[in-house]
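Below you'll find the structure, written out as structure tokens, and then a few comments.
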Amino acid sequence: MAVRTHRHSHKAVVIGGSVAGLFAGNFLARQGWDVRIYERARESLASRGLGIASHGELEDLIVAAGATVPSPLGIDVTGRSAIDRHGETIARFDYPQQLAGWTGVFRSLSARFPADRYHSGWELSGIEPSGGRALARFSNGEAVEADLIVGADGFRSSVRAAMAPHVQPRYAGYVAWRGAVEEGALSDAFRAETVNQFCFCFPKGSEFIGYPVPGDDGSAELGRRRYNFLWYYPVAPGAGLTDLLTDARGVVHEYSIPPSLVRTEHIERLQADARDLLPTKFLEPFFAASHYLVQPIYDVESERIGFDNVALIGDAAFVARPHVGVGVLKAGQDARALAQCLARDASIAGALAAYDAERLPEGRASVAAGRHLGAFIERGLDGPWTDPSLDLRVEDIIRVSGRPVQKRQAAIGNAP
Ligand SMILES: Cc1cc2nc3c(=O)[nH]c(=O)nc-3n(C[C@H](O)[C@H](O)[C@H](O)COP(=O)(O)OP(=O)(O)OC[C@H]3O[C@@H](n4cnc5c(N)ncnc54)[C@H](O)[C@@H]3O)c2cc1C
């Protein structure tokens, strides 16, 4: 990307200092913008991520943002497979891919962005127009004026709430229970079986995925990595979800619940289901995990992501269900597209209109693809094969979810 520096005097405020915010901060800073990032969390976000499926383009984006690709970025796997309840292989797909750690990507983007321009513990409370510029107000009483506000504040974006309050996350009817285990704590037999594989199974109306990711220290060495698993597990909308999100003191958490507050009865039910439904080999990592994270799955579909001087990027703009595995990639693509539009167009409003036109179709396509891949779980079907009208075979699920979104439609029903 051509780096343009003609906007020296222009100031950007980025709300949210996770991957999307850091991508945007780095891209804009490279173009000469005076950028500051404001992140609500007081503590570092580095420890929060688990595994992400990575694509070649992610490396290109990290480099284009001026950051250093973590070495290694991830674990090389040779393929994907799906097994049945008894451990028999029901589908295979040779697909060399890197399975990265979210933390490595976050750390590398963070290392590139000037620490004195990253403000932790600042929560956006509102946005106001201010004489052709925009004013970001924070809950600590401060206000910052800027030529551009970038909303990189995730799926419950306050920036989106200010610009398009009617766009709300829509619960998909299931949650993801996630866990990770140090590989050193797992048996040699398990490691040997899973070493190069991204593995799927479909226990009664759900979907379970397991794959290795780099260790906490970034290590890709066998035995020092972690095994990451994710179980898409139906929880009824309404009372069912509210019950899961209600802690032992009766406090209802609106969108998700910290792992330590999940009630014991929910963990016990999950573990009982694991004993009944998971193929034997997955019981080992499942029960070795010290805790489980639960993340309800939501769709977010914006109608507009570029306003006069406010842009939405990453999960603030669109959230596709994680089956498509493109959240981090899309965050980087959005940030790059935004920076490119700003470099091309003389006016910020014109650049944001161009950004909106360029990225809306991609965002919509990724949400639609995620819905399609998760429809059988949402509808409580006992596997993707039970309703042919879904046009979704196990082969498609394991292939399609491994590809960047623009190739996905071509891949459905047309796998190599
Ligand atoms: C179960 C699951 C599995 C996933 N697997 C993958 C995968 O394999 N591959 C992949 O690419 N992606 C995956 N994702 C998606 C990926 O994690 C996200 O898409 C990605 O992290 C989006 O980054 P973001 O910066 O847009 O949002 P976030 O990471 O949500 O960051 C938003 C930031 O904004 C801050 N913030 C919020 N409100 C305010 C405010 N008012 N003021 C200031 N700051 C604020 C938050 O504290 C947060 O740090 C998965 C997601 C889930 C739930």
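Note: Cβ is positioned from N, Cα and C throughout, glycine not excepted.
Some features that TrEMBL has for this protein:
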DOMAIN    171-299  domain '2,6-dihydroxypyridine 3-monooxygenase substrate binding'
TRANSMEM  12-29  transmembrane segment
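Long-range Cβ contacts of the transmembrane segment (12-29) within its own chain (Cβ-Cβ under 8 Å, at least 6 residues beyond either end) map to 1, 35-41, 45, 61, 64-67, 102, 105-106, 109-110, 112-114, 117-118, 120, 124, 134, 136, 144, 146-154, 157-159, 313-316, 328, 331-332, 334-336, 338-339, 342. Per-residue pLDDT, averaged along the domain '2,6-dihydroxypyridine 3-monooxygenase substrate binding' (171-299), amounts to 92 for this model.
Secondary structure of the domain '2,6-dihydroxypyridine 3-monooxygenase substrate binding' (171-299) per DSSP, as helix, strand and coil residue counts: 42 helix, 42 strand, 45 coil.
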